[in-house]
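Participant: Below you will find the structure I want to go over with you.
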Amino acid sequence: MNYGANDCYFLLFPLVVSIGVTSLLAFILSILKGNNFRFKLPDVLITAGVFYYLMRYDYQLHLADWKVIYAAILLLLWYVVRIIFSSLQVSKNIVSVGIVGIGCMLAGWGLLQLYSFCHSNHLLFCITGPFFNPGPYSGYLAMLLPLCLHSLLSAQGWRRYCWLGALALMLCIVPATMSRSAWLAIGISLLWIWGMHKGWLMACRSYARQFPRKAASFILTVCMLMALIFILLFQLKADSARGRLLIWKNTCTAVMEKPLMGYGPGSFQMVYGKAQAAYFAAGNGTMEEKRVAGYAEYAFNEYLQFCLEGGIVLLLLILSFGISVFKRGIASKQYGFCGALFSLAIFSFFSYPLQILPFGIGAVLFSVVCVSENEKREQKVKGNLLILPFSLLLCGGIGFGIYRMRDLDKLDERWYNADTLFSRQNYIAASKGYEYLYSYLNYNLKFLLSYASSLYSEGRYLEACNVLERAKLISCDSYIWNMQGVYYQAASCYQPAEYCFKQSLFLIPERFYPYYLLAKLYAEPEFLNKEKVRQMAIIVMTKSPKVYSNAISEMRKEMSQLLSIYK
């Protein structure tokens, strides 16, 4: 089964199996080795955060089942690794070597893609590593680099050269990814690691007390330098930066309506689509904002996305957990793992790392290392009455997850068969296959669009529109509105079709296609409006495209014909 072919839900199964094996190991170790496991503040905070997240999910609407399963799996992983670290005196150096080894492998993967020895996972970018675009790839390397630098500064002898080689290998591929978020995270986190090793913090405090005016001047200079760096990074890809500012603005508007509890996990795209459409419909958008507006799958700021989906309550729980972990890591001098978490926290301001499974796994592992101190001072308890049933409970939870997800290969096979029938134009059989899968996969946009297209090809236009109503709950892609408008038009429901095309324009005002569709709609004999046909056709003929393509030429040819008919 190709787990990466469909969505994150399918990717969870191998993760659950892996954690299941690890939880079994934790159970065995808790019996054979004894343990030093004690509940600490981070344990309480992560448990409270995950349980709150699970309670806020709408299980009837189930917009993104994979998100709640993902959260539950990360909680189980947290306790499994905590038990293992409390049962064994695991060397943090061995963990560091393994993690940096993964980073070197990823860097080598990127270099092979750069020189065309390996294929990329994106048509527009040559470097993606195992990810789907350069952003997460560079962000993951940014998370591992502080750990590598810490190991380099702590090593002696020939080991320093090994760590130096690993650091150079990972650093050399990062500039080619053109990810400003990763560059910023790397720069700040590596500087922090260096400062912690050299004692810069204490030196700065001492200097500030002795020379307060010079210290103030130095701080002002640093702030000005940082502002200059931000301006340069902004100008490097200005349209991308403006697009993210627009996303943040509309996300903040949506958050203000439900600030405390949020809208629930998986609701971001539905809520954001409404906010952006309302923003442009009210005439608030500038020409620059209209030009850069697009389909926002993520908030490009994890803190805002947490606020939107779980409210301020969820954000405070997550921040409290992060601060607690960081403080414990600093106290135990785990600067490398703290630096990795610091880098992730910076990267999360400008991207969407925690929506991707490997980042969550890495964050949990690094946090556990920070929390699990070297407990040689504590007396080892052989017969801990709490940990044995707790380990057994973890094994049971993972076993239940494996049982619930055991039929994923059959779902994938049925989906593939339905797609094959659709591609062979056997629409009746394909629709039956999609209908069976609907209750399982109605959170997946790709599936819903295929199902709607099959119904449309069968002539079941209004049923196809109902499927697209579901699609609008899980995605804010303007393509859904365009499809639904076309289907309503085919069913001779012209006013709903007009509404759909206009909503598509409100969502992304600078697209050509809705104007083209409106022109064709107004040219329908039962809905004829010559003036509006001319208006829409003239817009298509005169509007400057963001990216020129052959499709625009074809649309303009049709509009030219319409203008010649409706002079």
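Note that Cβ sites are derived from N, Cα and C of the backbone, with glycine treated the same way.
TrEMBL annotations: computationally assigned, not manually curated.
What TrEMBL records for this protein is below:
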type	residues	note
TRANSMEM	12-32	transmembrane segment
TRANSMEM	39-55	transmembrane segment
TRANSMEM	67-85	transmembrane segment
TRANSMEM	97-117	transmembrane segment
TRANSMEM	137-154	transmembrane segment
TRANSMEM	161-178	transmembrane segment
DOMAIN	166-319	domain 'O-antigen ligase-related'
TRANSMEM	215-236	transmembrane segment
TRANSMEM	303-323	transmembrane segment
TRANSMEM	356-373	transmembrane segment
TRANSMEM	385-403	transmembrane segment
Participant: Take the transmembrane segment (39-55) and find every residue of the same chain, 6 or more past its ends, with a Cβ under 8 Å from one of its Cβ atoms.
Facilitator: 68, 71-72, 74-75, 78-79, 82, 265, 310, 313-314, 317-318, 320-321, 324-325, 328, 367, 371
Participant: Pairs 6 or more apart in sequence, C-beta under 8 angstroms, 3 or more of them: is that satisfied by the transmembrane segment (161-178) and the transmembrane segment (97-117)?
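Facilitator: Checked: the transmembrane segment (161-178) vs the transmembrane segment (97-117), in contact.
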Participant: What is the pLDDT of the domain 'O-antigen ligase-related' (166-319) when averaged and given as a whole number?
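Facilitator: Mean pLDDT, the domain 'O-antigen ligase-related' (166-319): 88.
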Participant: So if I exclude everything within five residues of the ends of the transmembrane segment (97-117), which remaining residues of that chain have a CB under 8 angstroms from its CBs? That is, six or more out.
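Facilitator: For the transmembrane segment (97-117), the list is 126-130, 137, 140-141, 144-145, 147-148, 151, 163, 166, 169-170, 172-173, 176-177, 362, 365.
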Participant: Which bits of the chain, at least 6 residues beyond where the transmembrane segment (356-373) starts or stops, bring a Cβ under 8 A of a Cβ in it?
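Facilitator: Distant Cβ neighbours of the transmembrane segment (356-373) are 8, 11-12, 15, 40, 42-43, 46, 70, 74, 77-78, 81-82, 85-86, 90, 92, 95, 99, 131, 136, 139-140, 143, 147, 321, 325-326, 328-329, 331-332, 334, 337-338, 340-341, 344.
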